[in-house]
Amino acid sequence: MSQEDPACCGSGCTNCVLDVKPSKHTLPPDVVNVFDRTYKQFRCECVTPAADNVFRFRFRYVPAIGDEREQLIVPPGCHLMLRALRSALHQPDRKPVRSAEDNPLLRWWEANPVQPGGEEHAKQTHQKYDKSEDDLYLSRPYTPIAFDQEHGTFDVLIKLEPGGQMTNHLVTLSAGSRTEWKGVYGDFLWTRNRYRHVVAFVQGVAIAPVYSTLRSILDDEGDETRLTLCACFRNLAGVLLRDELRSLAGYWNFAYAIYLSRRTCACAAAGVERCNCLAARLRYNEPIHDRRLAAAEIERLLQRPLADGKPSLLVLLCGTESFTSFIKSTVEKLEIENCYTF
């Protein structure tokens, strides 16, 4: 997308999240999606802590859905755009209107002061080049992990960064606050039973598009695709959707494992290689490992479904560039044909 396009956010993205072909996602002829790629108002219903620096937000469509034809639909793996006025983003001296005791965002904000130079770094990272009227706004993409098409709500996981421009806006939200969203964007399409196996690798908050995809497959009683999820997080406190993944493990065709890159117990600080500290904090049969996901383990996980033939396997990836490159090295080594990166 050209930066002269009025829809451009002006951030100079290499892979523009708005640079997509007309949507391939089709709806029944008698259904109209609330999301028509124009900004709509949504009210913040609730905010709950999800992990270290990550919060789960629920938003509701402001005009109550009364038309039977109108529904809120977010296809699996697709994302939405949130925008905010730039004039309200940089307010380092603002005083919270509400007590931090009843607002988890303000509690986080007070506990995570901006480090010297932090706000200047945020400005440089997201420097605006577009000089048109759209320069009044800042936009960011977020992937819903759940939505209720009849009641017009959706949930997103958002990681807050001290000094981040959008973070300065998000910490001011509370129940009743109004926001502007548009969508949907994304080109991932799923066809029931197209693959026999799906193996997904995710990192941190990037679990969102993969979780929504796997969840939609499991919700389809006619889909018998076998699903495996490998999720990587920094530590146990940073694990996202822990309860949800444990619940999904009840499906016959879903398995998952969580890998922690850092041990935070006293044993690790003392140089003890192995201990039972993590096991004592896990639930029964919870597949969480206090080690990094190694290349040998990735290869082992992928070789199992390959027994049914390469065309029957789809690999899904979502994370940082270094993370996905690490996984892709094994995918290419095994000459796996089908791999999609969100």
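Just so you know, glycine gets a Cβ as well, placed from its N, Cα and C.
Those TrEMBL annotations? Automatic predictions, nothing curated.
Look at TrEMBL and you will find 37-191 tagged as domain 'FAD-binding FR-type'. Residues or ranges marked as FAD binding site by TrEMBL: Arg140, Pro141, Tyr142, Leu157, Lys159, Met166.
Sequence features, as recorded in TrEMBL, placed on the structure.
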| residue | record | CB count, 10 Å |
| --- | --- | --- |
| Arg140 | FAD binding site | 21 |
| Pro141 | FAD binding site | 16 |
| Tyr142 | FAD binding site | 20 |
| Leu157 | FAD binding site | 22 |
| Lys159 | FAD binding site | 18 |
| Met166 | FAD binding site | 20 |
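Spanning the residues Arg140, Pro141, Tyr142, Leu157, Lys159, Met166 that the record associates with binding FAD, the maximal Cα-Cα distance equals 14 Å.
In sequence order, Leu82, Val156, Ile158, Val205 are the residues of the same chain, not among Arg140, Pro141, Tyr142, Leu157, Lys159, Met166, whose CB sits within 8 A of the CB centroid for the FAD site.
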